[in-house]
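Colleague: In case it's useful when we look at the structure, here is the feature table from Swiss-Prot:
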- 84, 183: heme b b562 binding site (BINDING)
- 98, 197: heme b b566 binding site (BINDING)
- 202: ubiquinone binding site (BINDING)
- 34-54: transmembrane segment (TRANSMEM)
- 78-99: transmembrane segment (TRANSMEM)
- 114-134: transmembrane segment (TRANSMEM)
- 179-199: transmembrane segment (TRANSMEM)
- 227-247: transmembrane segment (TRANSMEM)
- 289-309: transmembrane segment (TRANSMEM)
- 321-341: transmembrane segment (TRANSMEM)
- 348-368: transmembrane segment (TRANSMEM)
């Protein structure tokens, strides 16, 4: 019989072992769809981003106009821009659900895969932040000013660091130029990290909802999970297209329709919705350095997850106490997201502070305690 080129060719063999003949647990649920959706999001963002970059001018006097020109005069420019802007939202929805799945099912116990995943999240957040600055509207400009200014909280070298990042004494043309360069570069770094992430994942194989080894009865990835992932893709594409075609500006800020003006500060400076939970934690601490540390900790706490796992079972499938705390954590994050979008006024300040304390308490104290208690309950 002639050798199958899919299994013998040096390059196709790698693709085959990663996407076609990959041994996969037979019982992984729809929660395992998000990895492939994130890959599709990344490809879509790189393609739409490249097309937008061909019409974009990274200059503070022309950036706003060039984006406007893309939407008005370029064939389907409006669609490409709307898909790119709302594609970022879909990217974050998928990555947050992907992380939530990892937390619920104990996937973080694959430490290397988990750590590269956290690096991917940080790279994605950096990409989204520098990308938001490029249209050079009011919120772009002031968002860049506020967030880059946080680096000035670093003791001793803070101010120098900020001025080095700005390329001057304020956010200006050099800042925009370098942000464009970074926004172009970072997605390719994300793509490279994704390959590392997958390499580590394929070392151990996928986890599954029961959290038990499934080596004895794995099934090939294709056709079973390729079909399942295409269904997931349809479910993601529907809201994305609905958003991009019917209400493309729903998730954006109206302030960004005004060109950047360093002399006028918007009444409420706030980032895009996917950063609001972290922004709420940042604002809930009345000290600059403390706020910056809490902001960093809110994301970097994910790196501690493997060390906070105290249960004898891997997943939360059969752990009702941990389940309750997990969903409390999700609700808490939604509250933080809401608070981040509100002005710094009376009821919101205290709610934000309580939600921030609850966030860290749930992860660092209550979940490990519940796991230990559940271990004891197993004996009775």
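Heads up, the Cβ atoms here are built off N, Cα and C, so glycines get one too.
Values in this document were obtained by computation on a predicted structure and should not be read as measured data.
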Colleague: Answer yes if the transmembrane segment (34-54) and the transmembrane segment (227-247) have at least three CB pairs under 8 Å among residue pairs 6 or more apart in sequence, and no otherwise.
Modeller: yes
Colleague: Verify whether three or more Cβ pairs under 8 angstroms connect the transmembrane segment (289-309) with the transmembrane segment (114-134), leaving out any pair fewer than 6 apart in sequence.
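Modeller: Yes, the transmembrane segment (114-134) and the transmembrane segment (289-309) are in contact.
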Colleague: Just to confirm: which same-chain residues, 6+ apart in sequence, have a Cβ under 8 Å from the Cβ of residue 98 (heme b b566 binding site)?
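Modeller: The answer is 34, 35, 38, 117.
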Colleague: Kindly say whether the transmembrane segment (227-247) and the transmembrane segment (348-368) touch, using the definition of 3 or more Cβ pairs under 8 Å where each pair is 6 or more positions apart.
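Modeller: Contact absent: fewer than 3 Cβ pairs fall under 8 Å.
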Colleague: Counting every protein chain present, what is the number of Cβ atoms, excluding its own, within 10 Å of the Cβ of residue 202 (ubiquinone binding site)?
Modeller: 14
Colleague: Going along the chain, which residues at least six beyond the ends of the transmembrane segment (321-341) come within the CB cut-off of under 8 Å?
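Modeller: Distal contacts: 100, 103-104, 270-271, 273, 275-281, 283-284, 311, 348, 351-352, 355-356, 358-359, 362-363, 366-367, 370-371, 373-374.
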Colleague: Under 8 Å between C-beta atoms and at least six residues away from its ends: which parts of the chain pack against the transmembrane segment (78-99)?
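Modeller: Counting only partners 6 or more residues beyond its ends, the transmembrane segment (78-99) has Cβ contacts under 8 Å with 31, 34-35, 37-38, 41-42, 44-45, 48-49, 51-52, 67, 70-72, 117, 120-121, 124, 128, 131, 236, 239-240, 243-245, 248, 251-252, 272-274, 302.
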